[in-house]
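Engineer: Got a structure here, written out as structure tokens. Questions coming.
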Amino acid sequence: MLQVNVELKHHHYPIKIGQGLLTNPQSYAPLKAGDNVMIVSNPTIAQYYLATVRDTLITIGCKVDTVLLADGEQYKTFESLNQIFTALLENDHHRDTTLVALGGGVIGDVTGYAAASYQRGVRFIQIPTTLLAQIDSSIGGKTAINHPLGKNMIGAFYQPAAVIIDTQVLNTLAKRQVSAGLAEVIKYGVAFDSHFFEWLEQHIDQLMQLDPETLAHCIQRCCQLKAAIVAQDETEQGERALLNFGHTFGHSIEAHLGYGTWLHGESVAVGMLEAAELSKILGNLTEDQLARLEKLLANAVLPTTSPDGMTADQYLPYMWRDKKVLNGQLRLVLLKSFGQAYITTEATEQQILTAIQRFTQH
């Protein structure tokens, strides 16, 4: 078992990475005999892993209840949040309860926000079951639900007590979801670690085939990078915003199409290309670097052009609604070079449109 520790000012917790962790009672520390637990999952994940997790927790001596939410980004809503609160109240859960998020990013985000809010805060543990959740959304305490007018607009920073990453759960993950997770993996390389980007270029085929050792190394490196950034900037006042490379463009695609039409990682893939093209326009990246990024995304079976029918000017209203807008200025995460992300307000609207147009289908 590999472990990465997240060390924050007022909180620290382990990320445990390995095979067969769901059946190992030691993985679930700090849970112990007598603890009350509410597992939050969805029917897709529950059919594979709910019984395993529940039985292991019962073996530890926990009292376990479960609640299943509808599956998909379009259910990251007040209604799903309220469903968790209702289950907690109906089953008489108090402040000493622990929520366990068993699922992908949607389950993790909604469960985390429920944990932050229920009786002003209860403990929760992340068991991410998608690659994207394992390397990104389960780490760092960002919890949220969507609003019809914007993604992740209602939420809280609330850290888990532990993150349990069992790489075996990826064997039941749809190939499209594996690719979507690899978009965020590639983001870590291109934005923070050029050596890791080169390693990804060499190992993308093994990752697509879910080779266990390659996966474990990849997940560990992503977790190390994320943990280091979160430790510097827990509530996204500065450095942490760099993790949003490609996301301002990508969120525009998601919001325009309707959440859940394209997967988050698919939207981010195109968003990274558009941000990289803008970086090139501003005199930073080379055409060769842009081509390498495009090739790596294509090898991960990710889209490399905007959705059919979406024009460049349709991005702008969503981009202006982005949480990184400050004092009426659009703050974009761009690249000085591979591994060197930075934030700028210098790009003009015309430059942004030109960058997007390169990756729109005419």
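If you go along the chain as it appears here, the first residue is 1 and each next one adds 1.
Just so you know, glycine gets a Cβ as well, placed from its N, Cα and C.
For 71-76, 105-109, 129-130, K142, K151, the entry in Swiss-Prot reads NAD(+) binding site. Taken from Swiss-Prot, the feature Zn(2+) binding site covers E184, H247, H264, and the record attributes it to sequence analysis.
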Engineer: Quick check: of the binding-site residues listed here (E184, H247, H264), which one has the Cα closest to that of E73 (NAD(+) binding site)?
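Structural biologist: Of all the candidates listed, H264 is nearest in space.
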Engineer: Could you check which of the binding-site residues E184, H247, H264 is the closest Cα neighbour of Y75 (NAD(+) binding site)?
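Structural biologist: Answer for the nearest of the binding-site residues: H264.
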Engineer: Near G105 (NAD(+) binding site), which residues of its own chain have a C-beta under 8 A away, given they sit six or more steps off in sequence?
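Structural biologist: For G105 (NAD(+) binding site), the qualifying residues are P128, T130, L132, A133, D136, S137, S138, H264.
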Engineer: List, in sequence order, the residues of the same chain other than E184, H247, H264 whose Cβ lies within 8 Å of the centroid of the Cβ atoms of the recorded Zn(2+) site.
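Structural biologist: Not counting the recorded site residues, we get L132, D136, A183, K187, G246, G250, G265, S267, V268, G271.
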Engineer: Quick one: Cα separation, D71 (NAD(+) binding site) versus H247 (Zn(2+) binding site), in Å?
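Structural biologist: Checking the Cα atoms of D71 (NAD(+) binding site) and H247 (Zn(2+) binding site) gives a distance of 22 Å.
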Engineer: How many Å separate the Cα atoms of E184 (Zn(2+) binding site) and D109 (NAD(+) binding site)?
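Structural biologist: Distance (Cα to Cα, whole Å): 17 Å.
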Engineer: Taking the Cβ of K151 (NAD(+) binding site) as the centre, count every other Cβ atom within 10 Å, in any protein chain shown.
Structural biologist: 23
Engineer: Quick one: Cα separation, H247 (Zn(2+) binding site) versus I107 (NAD(+) binding site), in Å?
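Structural biologist: Pair distance, Cα basis, whole Å: 20 Å.
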Engineer: Fewest neighbouring Cβ atoms within 10 Å: which of the binding-site residues D71, D109, E184, H247, H264?
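Structural biologist: Comparing Cβ neighbour counts within 10 Å for the binding-site residues D71, D109, E184, H247, H264 gives D71.
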